[in-house]
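The structure appears right after this line, and notes come after that.
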Amino acid sequence: MIITIDGPSGTGKSTVAKALAQRLKFNYCNTGAMYRTLAYTHLQEPWNCLSIQELIDNPPFSFSFISEQPLEAFLDGHRLSEELGTQEVANAASRLSQLPEVRSFMHKLQRKYAELGNCVFEGRDMGSKVFPDADVKIFLTASAEVRALRRLKDLPKGSLSQEALHAELVKRDEADSRRIHDPLVIPEGAIVLDSSDLTISQVLEKILALVSPEMP
């Protein structure tokens with residue numbers, strides 16, 4: 001069974017998808033972390049001297065595909081975690097995700113991960129492009145103001161103002177929605193959930209109610 005959760009940044013996709021996978025005992029894939037891994041790598045020496053094509057042809061990074069464990073990213077043997085959460089990396093990932101060769105590379109890895117079996121995938125084009133035949137497709141949304149507040153809590157204190165982060169989110173939304181290759185859209189057949197006034201637990205329960213009838 002494949003469940004996809006798409007939507008813009010700050011809607012709670014990652015938290016909800018991870019909690020959903022834990023409740024269902026499914027595999028969980030944070031596809032945004034995959035793009036951020038590539039972006040982080042390209043920002044570091046000596047890999048910042050390579051082209052993107054060279055990086056994806058012979059990637060120094062890797063991902064763990066282990067059943068019933070969240071996907072983890074490694075660079076040169078070092079597990080990446082907090083390094084992927086900076087705004088600099090997020091902005092770089094947004095730029096790189098516009099490239100068709102990058103999207104094609106990531107889509108192949110994501111479909112490979114799906115071979116593990118029951119999976120929850122979260123991202124921006126999971127239900128529209130990578131898994132159009134997913135069993136359950138969710139599109140999470142929220143107001144830009146709420147999303148900025150949520151993202152602010154995840155960043156180091158004083159790194160960005162709420163106003164600056166709000167502007168970054170609006171800019172990212174526009175780039176994601178207007179990109180030529182695999183833009184951010186509501187997938188056909190997806191259920192749209194607005195999380196602006198909902199807690200993570202409330203969103204999770206709503207999704208579980210949608211998933212339960214589809215369970216084998």
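The backbone N, Cα and C atoms fix where each Cβ goes, and this holds for glycine too.
Sequence annotations record features per position, and here Swiss-Prot assigns ATP binding site to Gly7, Pro8, Ser9, Gly10, Thr11, Gly12, Lys13, Ser14, Thr15 based on sequence analysis.
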| field | All-chain count of other Cβ atoms within 10 Å of Thr11 (ATP binding site) | value | 25
| Taking the centroid of the Cβ atoms of Gly7, Pro8, Ser9, Gly10, Thr11, Gly12, Lys13, Ser14, Thr15 (ATP site), which other same-chain residues have Cβ within 8 Å of it? | Val16, Glu122, Leu140, Ala142, Arg147, Arg150, Ser195
| said: Using Cβ atoms only, which residues of the same chain lie under 8 Å from Lys13 (ATP binding site) while being at least 6 residues apart in sequence? | reply: Ile5, Asp6, Gly7, Gly32, Glu122, Gly123, Leu140
